[in-house]
Amino acid sequence: MSVTLHLRGETKPLEHRAALTPTTVKHLIGKGFKIYVEESPQSIFKIDEYRRAGAIIVPFGSWISAPRDRIIIGLKEMPEEDKFPLVHEHIQFAHCYKDQAGWKDVLRRFINGNGTLYDLEFLEDDNGRRVAAFGFYAGFAGAALGLADWAFKQTHKDSEDLPAVSPYPNEKALIKDIGKAYKNALKTGAKKPKVLIIGALGRCGSGAIDFLKKVGLPEENIIKWDIQETSRGGPFPEIAASDIFINCIYLSKPIAPFINYELLNKPDRKLRTVVDVSADTTNPHNPIPIYNIATVFNKPTVKVNTSSGPKLSVISIDHLPSLLPREASEFFAHDLLPSLEQLPSRHVSPVWVRAEKLFNRHSARAIRESKL
């Protein structure tokens, strides 16, 4: 059975990544897939790259009226104001399985249209490991912005916030830019920061470590924590004693907070910047309960209202890999490709069968809870 994929243009502001790259489009067409690609003004990839790869180019937003047998693939969630029923099979990150704000409304659109959601976050292999994730570049970009904010605080007044950031064409340009800010901060007499990473052994943590090493932070300044170190339960004074804290955990169940105001309001606190890569902002079990808004590239930080100690900011951008959209997209699409190749047999392929069962389970829960 041949499969037709329709790559929809992203609508989330400043989202420049793509679920399919020209490289993967060319590969899938070679396997017998038919692929439509929407014109997308914000994609890092030029439409001609897709055209040369063999895709059929269609107008932005045309997925809405596309034939029902097309599988619609995208990355981020659709605009909140859209309410029309979803009639297709969709592959995307929907952020609606962990009780996030508005999760029932998201699922209701699929239920009302008799559509199906294959959530990219929950495509897992037989060992329960995600088949594809942006974690590495989320950690890489998160560490970059965390160091940028720390450096900015050394060279600017507390009344100023880290200015807007824009995507970089490649990793080398990002390292050069943040490295320059870091060196300027050290010229003020500031000591090299200590960075504590929780979730250091995962994809995200390894990305954060990789950036910090490449920008020149000494190994001894990178404090790597994972399950063993956090097993005693928070809050952890070690976080307040670090200069930068990067949260890279995958939140799957309620846990004790990592940090609280009692630790933050001490006058000797060193912590200046928190990077919540996980960005479970609206999750009731968020282990960093010191902020309540997701930040954006245009305004990357939010100030924490502490009563003592130096200025403290949180970075909680939920699409950090978009700072390096081309490399992040290629990395992700490469890992996703083997699962996409199984789409012709998705009704028996374990990866897709599990994803559909999960969708059905949460849909039933949404219906049940809406009736309560």
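In case you wondered, yes, glycine gets a Cβ from its N, Cα and C as well.
Partner cysteine of CYS248, as given in Swiss-Prot, is CYS204 (from among CYS96, CYS204, disulfide bond). Of the residues LYS76, LYS253, LYS303, Swiss-Prot puts just one in the L-saccharopine site with ARG17, GLN100, ARG130, PHE134, SER278, ALA279, ASP280: LYS76. The annotation in Swiss-Prot ties ARG129, GLY202, ARG203, ASP226, THR230, VAL277, ILE317, ASP318, HIS319, LEU320 to NAD(+), and of the candidates under consideration, TYR97, TYR182, TYR250, the one tied to the same site is TYR250. CYS204 (disulfide bond) falls within a helical segment according to DSSP.
When every Cα pair among ARG17, LYS76, GLN100, ARG130, PHE134, SER278, ALA279, ASP280 is compared, the largest distance found for this L-saccharopine site is 23 Å. Rounded to a whole number, the C-alpha distance linking CYS248 (disulfide bond) with LYS76 (active site, proton acceptor) is 20 angstrom. With respect to their backbone Cα atoms, PHE134 (L-saccharopine binding site) and THR230 (NAD(+) binding site) stand 24 Å from each other.
ARG17 (L-saccharopine binding site) and HIS95 (active site, proton donor) are 17 Å apart (CA-CA, integer value).
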